[in-house]
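The following features are taken from TrEMBL:
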- 307-321: compositional bias 'Basic and acidic residues' (COMPBIAS)
- 322-332: compositional bias 'Polar residues' (COMPBIAS)
- 17-298: domain 'Sugar phosphate transporter' (DOMAIN)
- 307-332: region 'Disordered' (REGION)
- 12-32: transmembrane segment (TRANSMEM)
- 44-66: transmembrane segment (TRANSMEM)
- 87-108: transmembrane segment (TRANSMEM)
- 114-133: transmembrane segment (TRANSMEM)
- 140-157: transmembrane segment (TRANSMEM)
- 163-182: transmembrane segment (TRANSMEM)
- 194-211: transmembrane segment (TRANSMEM)
- 223-246: transmembrane segment (TRANSMEM)
- 253-275: transmembrane segment (TRANSMEM)
- 281-298: transmembrane segment (TRANSMEM)
Amino acid sequence: MADRIRSFLNEGAVTYAYILLYIALSSGQIFFNKWVLSSKEINFPYPLGLTLLHMVFSSVLCFVLTKVFKVMKVEEGMTLEIYTNSVIPIGATFAMTLWLGNTAYLYISVAFAQMLKAIMPVAVFVLGVAAGLEMMNCRMLFIMSVISFGVLVASYGEININWIGVVYQMGGVVGEALRLIFMEILVKRKGLKLNPVSVIALCLFIPWIFLEKPRMEAHGTWNLQPVVLILNSLCTFALNLSVFLVISHTSALTIRVAGVVKDWVVVLMSALLFADTKLTIINLFGYAIAIAGVAAYNNHKLKKEASKGSSDESQHPESIRLTESSTSNILM
């Protein structure tokens, strides 16, 4: 009995360590990106270039881990049709999310960006209804209204609102919502496990050539610190690994709850770290309402997925379900 208790406590300690690691890395990565993009010391106001660097770095590191050291297993059976219909749409929408979300940091504060991200469930639900994946009902309509009202109140309380940054951030939200819809339609229903990192890099490379490459070349002398950019890319890769560790040791519910905690940490810490963040009571009140709506949405979705999963297992016990850990990606 004592050994079982000791083992349970050890497992619990490891799990909480993974959760704290995820919260620390996720929050730190957001602040790191904001600093790299906005700092005059680094002088690298190129969100496309920074995101492209992240993806290229992750692609190379994944290649080394899978092909050279064979630490990670690569899924087989990829066909041209699957790649065209599944990987490319998901990679393109995720590239859109990262690009627009990082660009927003040039115009709005980190705290306000996190507040606007709370509208994500609304975008996913609306697109899901349009795609026939969700059913409109009074409960979900009420939850969506609470989230929208909370974000509206938080935005009303913003002192220095920049509409260009708001448009970029909302574009990133739409991109993430589209990615999740594609995941539902093209991946989960087909039982595939995909990792479209290389496609994301390609989708970012094309707009980078036309939008940022000329500006970077015209910039002339660079005050660039390669070590900082490499560390920034390494943190992104470590963040994705931490997500996998948390989900593999706990559940989707845990990572979502940890994500809510992370959002509050980011909002409060940004007020201490950045001069452009001025939190008001209205800000915090509206964000609290939105987060309450997000928590209700997550709880509803997870109960729905759990009941659906148990039904599928009873009908098809030989089938292998696709877990969230195989398709998780982090919004920077």
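Note: Cβ is positioned from N, Cα and C throughout, glycine not excepted.
Long-range Cβ contacts of the transmembrane segment (163-182) within its own chain (Cβ-Cβ under 8 Å, at least 6 residues beyond either end) map to 86, 89-90, 93-94, 96-101, 103-108, 112-113, 116-117, 119-120, 123-124, 126-128, 131, 133, 155, 329, 331. Over the domain 'Sugar phosphate transporter' (17-298) the predicted model carries a mean pLDDT of 84.
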